[in-house]
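What TrEMBL annotates here:
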| type | residues | note |
| --- | --- | --- |
| DOMAIN | C:2-106 | domain 'Dihydrodipicolinate reductase N-terminal' |
| BINDING | C:Gly8, C:Ala9, C:Arg10, C:Gly11, C:Arg12, C:Met13, C:Asp34, C:Gly76, C:Thr77, C:Ser78, C:Ala103, C:Pro104, C:Asn105, C:Phe106 | NAD(+) binding site |
| DOMAIN | C:109-245 | domain 'Dihydrodipicolinate reductase C-terminal' |
| ACT_SITE | C:His133 | active site, proton donor/acceptor |
| BINDING | C:His134, C:Gly143, C:Thr144 | (S)-2,3,4,5-tetrahydrodipicolinate binding site |
| ACT_SITE | C:Lys137 | active site, proton donor |
Number of protein chains: 4
Amino acid sequence: MIKVGVLGARGRMGAEVCRAVEAADGMDVVAALDVDDQRSSLVDSGTQVVVDFTHPNAVLDNVRFCVDNDIHCVVGTSGFDQSKLDTVRDWLAHKENVGVLVAPNFALGAVLCMRFAELAAKFYDTVEIVELHHNRKADAPSGTAAHTARLVAAARAEAGLGEVPDATTSTVDGARGAEVDGVRVHSVRLGGLVAHQEVLFGGQGETLTIRHDSLDRTSFMPGVVLGVRGIVDRPGLTVGLDKLLDL
Amino acid sequence: MIKVGVLGARGRMGAEVCRAVEAADGMDVVAALDVDDQRSSLVDSGTQVVVDFTHPNAVLDNVRFCVDNDIHCVVGTSGFDQSKLDTVRDWLAHKENVGVLVAPNFALGAVLCMRFAELAAKFYDTVEIVELHHNRKADAPSGTAAHTARLVAAARAEAGLGEVPDATTSTVDGARGAEVDGVRVHSVRLGGLVAHQEVLFGGQGETLTIRHDSLDRTSFMPGVVLGVRGIVDRPGLTVGLDKLLDL
Amino acid sequence: MIKVGVLGARGRMGAEVCRAVEAADGMDVVAALDVDDQRSSLVDSGTQVVVDFTHPNAVLDNVRFCVDNDIHCVVGTSGFDQSKLDTVRDWLAHKENVGVLVAPNFALGAVLCMRFAELAAKFYDTVEIVELHHNRKADAPSGTAAHTARLVAAARAEAGLGEVPDATTSTVDGARGAEVDGVRVHSVRLGGLVAHQEVLFGGQGETLTIRHDSLDRTSFMPGVVLGVRGIVDRPGLTVGLDKLLDL
Amino acid sequence: MIKVGVLGARGRMGAEVCRAVEAADGMDVVAALDVDDQRSSLVDSGTQVVVDFTHPNAVLDNVRFCVDNDIHCVVGTSGFDQSKLDTVRDWLAHKENVGVLVAPNFALGAVLCMRFAELAAKFYDTVEIVELHHNRKADAPSGTAAHTARLVAAARAEAGLGEVPDATTSTVDGARGAEVDGVRVHSVRLGGLVAHQEVLFGGQGETLTIRHDSLDRTSFMPGVVLGVRGIVDRPGLTVGLDKLLDL
């Protein structure tokens, strides 16, 4: 029985995590904390794996606490950029038995979307990403979109493709989106949306679009449960749920 | 028989215009010019209406020439912003019998898309525009998208809606698009695309999307022909093909 | 204070209706019934308006009961076809003061989608409808899609457009969808979906798509509340929420 | 230099094939035939590979002629069903040196779309296909869609997934599409469209959509050229361009 602590437990995602962990075989919630609670209760409760759905400003400190206390981490909080990843990797260098999983997205469809984008990248000269989320989201682009852009950029580089060509000469600031490793990412924020992403590839007379729609935050839960199960045997930093799948 | 001159006649759009005008009843091409030709032949040929599909940098000078020579203008060149419109309106103030039609888009579906967006605007708190074009396009956002944004913004203002709410606090430059009158516009550029636009509205638990796809530049031709026919009886500046329709 | 009775109150939609009516100004839930309850309690509680989200097989009998007892009805149950509408209209012919609102969809976006489809219909030779719902849905096509098809067909007829042309000569049964008043409707059923509809128009080199996505059943509630308020002053049969809007 | 014969050479696709073959390195058009021409000129011209974009009713007889005359075939004509494939396989059993490639779609994006659909199939309980084409198309569903359905069905079977669940109990004929190996396929026909396909997967609270848009028939040409090059060294029946790619 894996003892799980949930950070951000009273948030929308955290509450779902609590339910999903309780419902899953072989794991239990032993600590459900939110912003005003003491993290020391993670240690007191014997928490083995922490699931963090908190805030970009809080998450790094939470991971530090976990690593220091030999607690594995499954991080779903957005905004976990390269410098944060590097920081965590440094911390883990001195911890042989602690694993941290940072997944920009726990929905299976999102993982497949990223993997297919990576596979398609070498066949197309042009590629852009459009991600669409509810209008309460704090960060743009989404962690998933930024991660996808980096995967696509790496696949292009490996295939010897150069920069994505862009003929724009007259523009209003921001129209052409954000550049993440040379890939344009556009962030739409709209009431009524949940979490959606399109990767668009363009070639001669044709386009290929891979789209993922998360219509309900329960879509993340099978992936979170799988992450909790997998991270206990996977020391070091793991980026992306796909590493725990057989793809 | 309306005598038509085509500027940009060797470009992709201009060549289609020549074919469409020749095929249409009641009009003929009497001058087909491109960048190296002398505009004086417009006057020599007795051109009554010029159709301009040239370049954002050239179009204003072309319109000036036409207005000075009492030739009506149908302008399809993109990048015709508010300051250009104001300039043309000034010129026309002193010309009682010359009409200029500036349409950001001549496709009927684009006109309907804009009109429906205008009608829907007052019912939704949030709205954004995504326009997608082939990757040889020089300007971003497209003239159609900018025009749509302004129509939506005006309809919101009239309905007493305030600013579109945006919770973004952490962003990469450009991710949230360009702001046109307070409406976010995202410009995707991709090989294989032609001209596409989505207006997305978000409300409580639902979204409404109005999308126009121009898959072939012949889609513009019924609108261009209609514009040529209509502008001869419509002195002054007309912005948008919808003014010539019964919507 | 309008006294509201909810039929199907323990179903997903019915439960939301109860919450929405309680939360709205000027109305209260006085009876919340489901399949095993006695409808007589509607009369006993002095119910003025019934909201019915039950089952295609049960709804007509429920409406009969309401009409017989001078209770107004707001019907959201799907599968309310033309013959049912005719039946209800007959009943109401003898009841001067009872109103029944049958709306195939209460989401504002759905109503706009239908209205815009009706407006666009005359400009396009070809049109089809794709509706997509969760895979627990019992009926296909959805009431909204069938209603939209009929609106589009009527608008085409009024504009003098003939049959939608179809060149299909070799087909597998069902591939080309269902015909509703000559308009093809395709019903997709998929896990993870909620309620979605696309109306696609095709012309020369272009298409226009109007899409509505209901991602959460709360999207119906503003429309239901508006229906309850409006039906008390609108005797007879009203089909479609748009009649109560200012469109 | 591969000697290529084109059947259906005056059709839209055939004419593009002629251009593409002429433009490609290492091959030439030596015979360009259409419905009224004698196939004997294929033999007279020393044609090594025939490319067939004709009609479902004509194609099998064309392939027979080629196989009898030891000419390789690249078949792009739609409507090539299982019984036709079996027939051709029988003919080829006695011909050691003749290759026939039947590809339901030559666009690279279509091939990727099918491959990704095959990979994703095992992760989702529900799946449907929507294909959309111009309204001059004779067959429904498209060959690509039917082929995709069969690939998805095979992947489901291999993963031990049962039938796609369907709760529909009340339906209008055709609403739920055609069944191809248990996978529902919907065929939309619309003016302005070219060739488009969506494979939609639905899981818990999420959907994954893989979409291919062919906006221009030149999108098929890189694949046709690749097929001509590959089939000369690949005796027997090959179904699907993906067999010639490194995916």
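Backbone N, Cα and C atoms are what each Cβ position is placed from, and that goes for glycine too.
Feature map: TrEMBL annotations on the structure.
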residue: C:Gly8; record: NAD(+) binding site; DSSP (3 states): coil
residue: C:Asp34; record: NAD(+) binding site; DSSP (3 states): coil
residue: C:Thr77; record: NAD(+) binding site; DSSP (3 states): coil
residue: C:Ala103; record: NAD(+) binding site; DSSP (3 states): coil
residue: C:His133; record: active site, proton donor/acceptor; DSSP (3 states): strand
residue: C:Gly143; record: (S)-2,3,4,5-tetrahydrodipicolinate binding site; DSSP (3 states): helix
Separation of alpha carbons, C:Lys137 (active site, proton donor) and C:Arg10 (NAD(+) binding site) (Å):
17
Looking at Cβ-Cβ distances, which residues of the chain lie under 8 angstroms from C:Asn105 (NAD(+) binding site) while being 6 or more apart from it?
C:Val111, C:Met114, C:Gly143, C:Thr144, C:His147, C:Ala195, C:Ser214, C:Phe220, C:Gly223, C:Leu241
Greatest inter-residue Cα distance in Å for the NAD(+)-binding set C:Gly8, C:Ala9, C:Arg10, C:Gly11, C:Arg12, C:Met13, C:Asp34, C:Gly76, C:Thr77, C:Ser78, C:Ala103, C:Pro104, C:Asn105, C:Phe106:
21
Indicate the candidate from C:Arg10, C:Arg12, C:Lys137 with the smallest number of other Cβ atoms within 10 Å of its Cβ, considering only these recorded positions.
C:Arg12
Given the recorded positions C:His133, C:His134, C:Lys137, find the one whose Cα is closest in space to the Cα of C:Thr77 (NAD(+) binding site).
C:Lys137
Looking at the binding-site residues C:Gly8, C:Arg12, C:Ala103, whose Cα is closest in space to that of C:Lys137 (active site, proton donor)?
C:Arg12
Taking CB atoms only, which of the recorded positions C:Gly8, C:Arg12, C:Asp34, C:Asn105, C:Lys137 fall under 8 A from chain D?
C:Lys137
So which other residues, same chain and not among C:His134, C:Gly143, C:Thr144, have a Cβ within 8 Å of the centroid of the Cβ atoms at the (S)-2,3,4,5-tetrahydrodipicolinate site?
C:Ser78, C:Pro104, C:Asn105, C:Glu131, C:His133, C:Lys137, C:Asp139, C:Ser142, C:Ala145, C:Ala195, C:Gln197
Predicted model, mean pLDDT over the domain 'Dihydrodipicolinate reductase C-terminal' (C:109-245):
94
Report, as a single number, how many Cβ atoms besides its own are within 10 Å of the Cβ of the residue listed as 'active site, proton donor/acceptor'.
25
Between C:His133 (active site, proton donor/acceptor) and C:Ala103 (NAD(+) binding site): CA-CA distance (Å):
18
Using Cα coordinates, what distance in whole Å links C:His133 (active site, proton donor/acceptor) and C:Arg12 (NAD(+) binding site)?
15
With every protein chain in view, how many other Cβ atoms are within 10 Å of the Cβ of C:Gly8 (NAD(+) binding site)?
24
When you rank C:Gly8, C:Arg12, C:Asp34 by Cα distance to C:His134 ((S)-2,3,4,5-tetrahydrodipicolinate binding site), which of the binding-site residues ends up on top as the closest?
C:Arg12
Taking the Cβ of C:Ala103 (NAD(+) binding site) as the centre, how many other Cβ atoms fall within a 10 Å radius?
27
Other C-beta atoms that fall within 10 angstroms of the C-beta of C:Thr77 (NAD(+) binding site):
25
Which of C:Asp34, C:His134, C:Gly143, C:Thr144, the listed binding-site residues, has fewest other Cβ atoms within 10 Å:
C:Asp34
Helix, strand and coil totals (DSSP H, G, I; E, B; other) for the domain 'Dihydrodipicolinate reductase C-terminal' (C:109-245):
50 helix, 44 strand, 43 coil
